[in-house]
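Worksheet: one structure, shown below.
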Amino acid sequence: MKNGSVYIETYGCQMNFADTEIVLGVLKKQGYTVAQNPEDADIILLNTCSIRDNAEQRIYGRLGNLKNLKTKKPELVLGILGCMAERLRKDLIEEKKIVDVVVGPDEYRRLPEYIDIAFNGDKGIGVKLSRTETYDDIEPHREDGLSAWISVMRGCDKFCTFCVVPFTRGRERSRSLNSIVKEIEDLSARGFKEVTLLGQNVNSYQDEENDFSDLLAAAAKVDPSMRIRFTTSHPQDLSEKLLYTIAEQQNICNYIHLPVQSGSNRILELMNRTYTIEHYLNLIEKAKRIIPGVSFSTDIIAGFPTETWEDHLATLDVMRQVRYDGAYMFKYSPREGTKAYKMGDDVPEDVKTKRLQEIIDLQQQISYEINQGLIGKEEIVLVEGFSRKSNEFLSGRTDTNKVTIIPAQENIKPGDYIRIKINKATSATLFGEYLSHIVFEKSSVVLSA
Ligand code: 5AD
Ligand code: SF4
């Protein structure tokens, strides 16, 4: 079997970034090395995203650039991984003739075989979806660092009518709790300080009698100095047990990403989201009661088919009621093969643009007000390194995932937990001053001067 050096570019969600580490794990086991830039690679792979049309257009643009590289170096193997591989295999191979390998999210184990086929001058195509593949036994390739992603389940059974994920990533299946805990133990031993458990719908996690709350609790117990985050939660499946688990474990972050998508019950029904706004707001209230200081982020779609001005106002209204710390906000993008695609795309582009802008402006105002309210308060920050703008400042994040900047000083290192006092805030960033270090020991918090 021939091998060489591989360069992977990753687009889209955190799940794709976690998958890239799995792919590199598979390839490294076969003797491939990792190239630091595309010019040095024998194989270039794009791990792609299909969630919205603009994601796909960007990747087509990138393929256009890579064509030049391939013209100069015809033996170069160019491949597409991820959701676009699943959705557009024919188009990619037949029309975009420069692609040699097309492998979907459930066939990464066999990627070396498909690359071999390409080295021999044929096209390597693997796009079967699986009901069981979780890559449980594959050790992902991770550079040293503070923060790691672990995908704990794959696929989605929700079939929201706008979404391609159930088609590109297949049915839901969970990894075993034991192998996830073992992976967190290894990360802790390597000095990682933060783990994010990933799944399209983590609340459906199930490993024999263990549900997602059990997994979170087990993850949190590995190392009290390690922060545990998770994403994404579906409002229908988020249980009270999970809220109590978050409240009980100090190192599970008090931050829930809970996509609402729309504030209108009529639209939620057309989206097949399976909850009402009343249920959603109830859940938010319950979470606020059970987890003091909890913060929320969300996903919102503007301009879903048939969305009226009143529907749009209902979305703005929900944003005002919940007061999200942050939001990912999108214009509706019709995806072929989904149910919503058949509903047409009847909200005109300029109306979508206007509604999205109103949503963004409102969110920015809310984030600003929330952050202003933190001035004078104390927070615990996990220090990540120098700030992007200057080595005179350090950057880290609070438990609720807010980027925080403090003046650098000798005794503060990446990976330290420090208590800070906030003295300035914008809608996106907190600024603070150092108060003291915090040391976490088994089962208790010890303050040091
Ligand atoms: N158009 C716009 N946004 C979409 N999302 C998913 N599918 C679409 C689409 N067709 C958004 C949803 C989801 C997030 C990951 O992407 O808000 O929660
Ligand atoms: Fe897509 Fe809905 Fe599944 Fe999220 S829950 S991946 S939006 S189908």
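In case you wondered, yes, glycine gets a Cβ from its N, Cα and C as well.
Among the features that TrEMBL reports, domain 'MTTase N-terminal' is placed at 4-120. Look at TrEMBL and you will find Cys13, Cys49, Cys83 tagged as [4Fe-4S] cluster 1 binding site. What TrEMBL lists as domain 'Radical SAM core' is 142-369. TrEMBL lists Cys156, Cys160, Cys163 with the feature [4Fe-4S] cluster 2 binding site. Marked as domain 'TRAM' by TrEMBL: 372-436.
Overlay of TrEMBL feature records on the structure.
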residue: Cys13; record: [4Fe-4S] cluster 1 binding site; DSSP (3 states): coil
residue: Cys49; record: [4Fe-4S] cluster 1 binding site; DSSP (3 states): coil
residue: Cys83; record: [4Fe-4S] cluster 1 binding site; DSSP (3 states): helix
residue: Cys156; record: [4Fe-4S] cluster 2 binding site; DSSP (3 states): coil
residue: Cys163; record: [4Fe-4S] cluster 2 binding site; DSSP (3 states): coil
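Using a 10 Å Cβ-Cβ cutoff, Cys163 ([4Fe-4S] cluster 2 binding site) registers 22 neighbours. Each of the binding-site residues Cys13, Cys49, Cys83, Cys156 was assessed for Cβ neighbours inside 10 Å, and the highest tally belongs to Cys83. Annotated [4Fe-4S] cluster 1 site Cys13, Cys49, Cys83; additional same-chain residues within 8 Å of its Cβ mean position, judged by their own Cβ, are Tyr11, Gly12, Met15, Asn16, Thr48, Ser50, Ile51, Ala55, Gly82, Val165, Thr168. The distance from the Cα of Cys13 ([4Fe-4S] cluster 1 binding site) to the Cα of Cys156 ([4Fe-4S] cluster 2 binding site) comes to 14 Å. Note on Cys160 ([4Fe-4S] cluster 2 binding site): other Cβ atoms within 10 Å of its Cβ, all shown chains, come to 21.
Highlighted here would be the binding-site residues (Cys49, Cys83, Cys156, Cys160) whose C-beta falls below 6 Å from ligand 1, but none qualifies. Only Cys156, Cys160, Cys163 of the binding-site residues listed as Cys13, Cys156, Cys160, Cys163 bring a Cβ under 6 Å of any atom of ligand 2; the order follows the sequence.
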